[in-house]
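Listed in TrEMBL:
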DOMAIN    A:1-313  domain 'DNA-directed DNA polymerase X'
DOMAIN    A:51-70  domain 'Helix-hairpin-helix DNA-binding motif class 1'
DOMAIN    A:91-110  domain 'Helix-hairpin-helix DNA-binding motif class 1'
DOMAIN    A:126-145  domain 'Helix-hairpin-helix DNA-binding motif class 1'
DOMAIN    A:337-416  domain 'Polymerase/histidinol phosphatase N-terminal'
Amino acid sequence: MRNAEVCAIFREMAAIMEILGEDPYRIRAYQRAVQNIENLPEDIAVIAARGELTKIPGIGKELARKIEEILATGTLQKYEELKRKVPPGLVELLQVPGIGPKTAKLLYERLGVKSLAELEQLAKEGKLKGLPGIGAKTEENIRRGIALLRSVEERRPLGLVLPLARAVVNLLREKAPVKRVDLAGSIRRFKETVGDVDILAASTRPEEVIKIFTTLPLVAEVLAQGPTKASVRTGDGLQIDLRVVPPESYGAALCYFTGSKAHNIRVRELAVKQGLKVNEYGVFRGEERIAGATEEEVYAAVGLPYIPPEIREDWGEIEAALEGRLPDLVELKDIKGDFHVHSKYSDGAATLEEIAAEARKLGLEWVAICDHSPALKVAGGLDAPTLLKKKEAIERFNAKSPDVKLLCGVEVDILLDGTLDYPNEVLAQLDVVVAAIHTGLRQSKEVQTKRLLAAAANPYVHAIAHPTGRLLGEREPYELDLEAVFTAAARTGTWLEINAYYKRLDLNDINARAAAARGVEFTIGTDAHLLEQMEFLELGVGVARRAWLTREKVINTLSYEELLARLRAKKEVLGE
DNA sequence: GCCGTTTTCGGCCCGACTGTTTTCAGTCG
């Protein structure tokens, strides 16, 4: 994939043009192109080879030509020219919170600042204040902005932030004079990582709400505070923003703060064409507010049906909504089972009984117990005799359990040559076979693809677990021809897993959507090794919804009896 | 630089907070 390479160049060009003070709409065109290219499920070089670059939204003739130049030469004439106009370190100044293009330019022209390091030095020495528009406070903010940039400031996995975010919402519901409080922003859209937490409240006494928020015990620092809006930072550096609006504006504000920004812009453009104005207070015709209390009302006012938060990304949902073909997305309450849980038999912490009890608590009907195979010695992979003992134990459990049923499964390793870590005679005796790569992660694209294709072709393999192997913030996906994998999965009736463990979320939203378009069906598995990790199921559902999946595409919506029938079907299609 | 039911030119989403300034530019989301 060369998408990141193209994006890096366009992104830096936009930053340089900002510093140079060039046409903001041209800059936005580059930024919009970056956003759209980043979200492509396909290699841009392949799209270019088909001559379809201008089919990408925001890519016209000129940017298409530039992309082709980058693909052919590895760089871009115009980019090289721009770089010569601005010292290399100046662009990185834009990463400091509070420093935009104007300030960066000012710092360079008046003080000769050419890098983050130089800026840090001057800020420490107190030499920034006195510049036009920069006083002692701005200087202090710049100092702290740099320190923050240096410390962590990365996006965090959604699964880590969600419990804290919900706790803050609950605190506000208890303590503050609010009519409503909800999470908004990327958390509400179930994006896999979170930059900061956005919370929205409806109240007729906003200043009291803000006061209570900024004095919560978990607040380490108040970054900004006005009568209706505040930003704070927690002890471990997480930023939380709260906005308070009047109840009659709550729906409009919830739309506004849920985003995505790209989605909001499209909605506002639609409104403008109809002579309307949309902001966080409502939908307006002239001075008159014609909608705003609920999100449904806001969408209806601009001629759209309600669009679920998870797909508000400007990935085609506006067009789909206008044409009345929005998907009926799968919901957490549709999910009847967890397809991938580890037990004490391998490296899980819980017994069969404990897992079943947790499933009952979560309202599930079935759980596939998928422990590791022998090759994964570190994870206590089971030898075949032990596996058969597990099968008997599960049968005994099921005989006594009228509601929750367990399925005897494995997460069998796909070995380097594409063969599986159990012989087919063993696999044939199991309810569920999930195959996965855990070793040999650095093989070539050809080898990795062959391994997955071989696994998919096995008549006993029901699903491929965490197909790309990525770990959020820790490990890149391994090299893979995803198109080939999707095609093979569709042809063989092999399901692809949406692994719901918070660090994996693999397949991700974009890839799952591309796979679904190829006719692939999906399993959702938490890969839980501890009981409480079974709650990650909702993260998997979030990915599925972001991938536009309906319940028909998700195997977990089947009842136990329906599932057993489907599990047998693959053997009959491809079996001996 | 993109784009088109205001279509090949002339538009391009909207408002809050900060810090500095005496009415607003810059930044952010």
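Including glycine, each Cβ sits where the backbone N, Cα and C put it.
Sequence-distant contacts of the domain 'Helix-hairpin-helix DNA-binding motif class 1' (A:91-110), counting only residues of its own chain at least 6 positions beyond either end whose CB sits under 8 Å from a CB of the stretch, comprise 12, 15-16, 18-19, 21, 116, 119, 128, 131-134, 138, 141-142, 145-146, 148-149.
Below 8 angstroms of C-beta separation, residues 2, 5-6, 9-10, 29-30, 32-33, 35-37, 40, 44, 76-78, 314 of the same chain, each at least six residues beyond the ends of the domain 'Helix-hairpin-helix DNA-binding motif class 1' (A:51-70), sit close to that stretch. With helix defined as DSSP H, G or I and strand as E or B, the domain 'Helix-hairpin-helix DNA-binding motif class 1' (A:51-70) counts 13 helix, 0 strand, 7 coil.
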